[in-house]
Amino acid sequence: MTVKILFVLAVNFAYLAVKGNLVDGDQTFSIDYKNNCFLKDGKPFQYISGSIHYSRIPHYYWKDRLVKMYMAGLNAVQIYVPWNFHEPVKGEYNFSGDRDLVHFLDLANQTGLLVILRPGPYICAEWEMGGLPAWLLETPNILLRSSDTDYLQAVCNWMNILLPKVKPWLYSNKGNIISVQVENEYGSYHACDYNYMRTLRTIFRSFLGADTLLFTTDGDTERALSCGSLQGLYATIDFGTDTNITKAFRLQRRFEPHGPLVNSEFYTGWLDHWGEVHAGVDKWNVSKALREMLALGASVNMYMFEGGTNFGYWNGADHDTRFRSVVTSYDYDAPLTEAGDPTEKLLLIRDVIKQFRDVPAGPMPPATPKFAYGFVTLGKVKGTSRPSGLELWEPTPLISPLNGVHDRAYVTINGVFQGILERDTALVLKVSGKQGDTMDLLVENMGRVNFGSKINDHKGILGDLLLGSDVLTNWEIYTLDLDGAIAGGWPHSEARRFPPADGRGPPAGPMFYMGTLKSNGVARDTFLQLKDWSKGQVWINGVNLGRYWSSRGPQQSLYVPGPLLSATQPNNITVLELEGAPECPRVLFMDRPHLNRTHRLPTLPTPPGNNQSRKTQGYKTHVGLNDKTFIFQAL
């Protein structure tokens, strides 16, 4: 395996030798260690940057967001490249549409913005598995973010695709990429593998050349900088408004005695987890700290400047004392909202920037138009309703003794909803049925851990389940591609043959609902609220908007970009409700978001004694994942 890696590198060193005469050296970006600053074309330079994630913003809004950042006074943007966004299936690459990285770089260049590129391979970003593809976990015992040969070979293969695409956009090649980050906050990871970082440095140098400014970013602690920094990679730090600025930069100076002061992630806000209070950072604290850093001559990147949305299943999760999934909205309380609208925080930031550099003349571009389309009533999709009137036995505990449900299992017996098993939260559920019944478990992947030592986050049923004292065994697996089916027109394509049923009633458990937003000549941004719904997923015209969890919060509405809607044709709405819809299942399209309403998390129950025993023969147990539905049968 090592031989393969060295071979790829050798090929690319040869490539550099052949192509070297094509590099135009008129533009340069470097570090002046004598005067402690960056040099852009030989002149001192201080960047004032903001983070924007192209993977969280529909491509038809990229230009709008970049122009607003430019008009705010920024001279650079910082972007992550999520590996799994471009290679979701091993060996299959996608750089089109919302994944067109080169187009994004071109738009930034046209707008007059430099780019600070963070290509990983790991990015964190509160993104599914920190940007690492889940197919890496198919290799048994793989050690992610280390010098594990299987992992490094996959990284090398990926960089062999990615880095040649970005090389023409380096500043030295008359592009706009001024610096490239290697890995991401590696000092916060438990491995502390210097050989891994050395290998990445070699890979990046082989593709991007010796003159490209490579850097690292780590938290403002001794341990983080010790494990995350490496000779030949300029060490920068990250911190927010609650940090002593002088102390933080003093720590950076211990690892970089000379060169520019850099805060690569100055936190303008913070992320939200389901079931927790909506996060925010005071705008006055942000503007005050930014002014202090810029006055010191520091280069600053504001994380985030616009957060965007975790469409589909792209949200990540944290796992410290327990598993905590990140919400769909990545609004982040940033200067530009999730929908790209300027805030008072942005205006204060622009006033600060004006004190240090010229800001483009003219007013800030306005918010994108919003529209409140009103209520739409939905009906049940036929074939997803449940039978009733079963002869049930005495309730028996269904137990996940080793916390092996990752992440939520929706349990039904012969179609009758029994309840939920949840990772770290609900490990026991009493169920009722009779001999020979079918037990279905639809298992939801709530996003893989993106930070810390638990990023090897396998999903599904990872340990035995007990029914009373009996182990459920002999699983069979079926797959259902929900995104593919809905993008292909289901269930609306079947509506003539199978019209939706009346959605009214007290349903419980997983069920599809469908409806139509009639066209009215207007296709504008809107926000979909599912008041009194519980938890699930929403698709508009076949596009997965992401998760809702109204019963837990804090997020209560989903962002619907206007270009997803048709102004002239009916707009299809599909909802997968996982727990229970309201008595009258309807949704509301509003002209503003609702991101701040939290419900208390359930407490962790104490498992009861296993004093009941039922035979499990004849039980069919189905388990599904949200990106594709997997059905397991225990017989």
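Note that Cβ sites are derived from N, Cα and C of the backbone, with glycine treated the same way.
TrEMBL labels come from automatic prediction, so no person has curated them.
According to TrEMBL, the protein carries these features:
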- 1-20: signal peptide (SIGNAL)
- 38-355: domain 'Glycoside hydrolase 35 catalytic' (DOMAIN)
- Glu185: active site, proton donor (ACT_SITE)
- Glu265: active site, nucleophile (ACT_SITE)
- 393-481: domain 'Beta-galactosidase 1-like first all-beta' (DOMAIN)
- 510-568: domain 'Beta-galactosidase galactose-binding' (DOMAIN)
Same chain, 6+ residues apart, C-beta under 8 Å of the C-beta of Glu185 (active site, proton donor), given in sequence order: Cys124, Thr217, Asp218, Gly219, Ala224, Gly228, Asp238
C-beta crowding around the residue listed as 'active site, nucleophile', within 10 angstroms: 23
Local confidence of the prediction over the domain 'Beta-galactosidase 1-like first all-beta' (393-481), expressed as mean pLDDT: 91
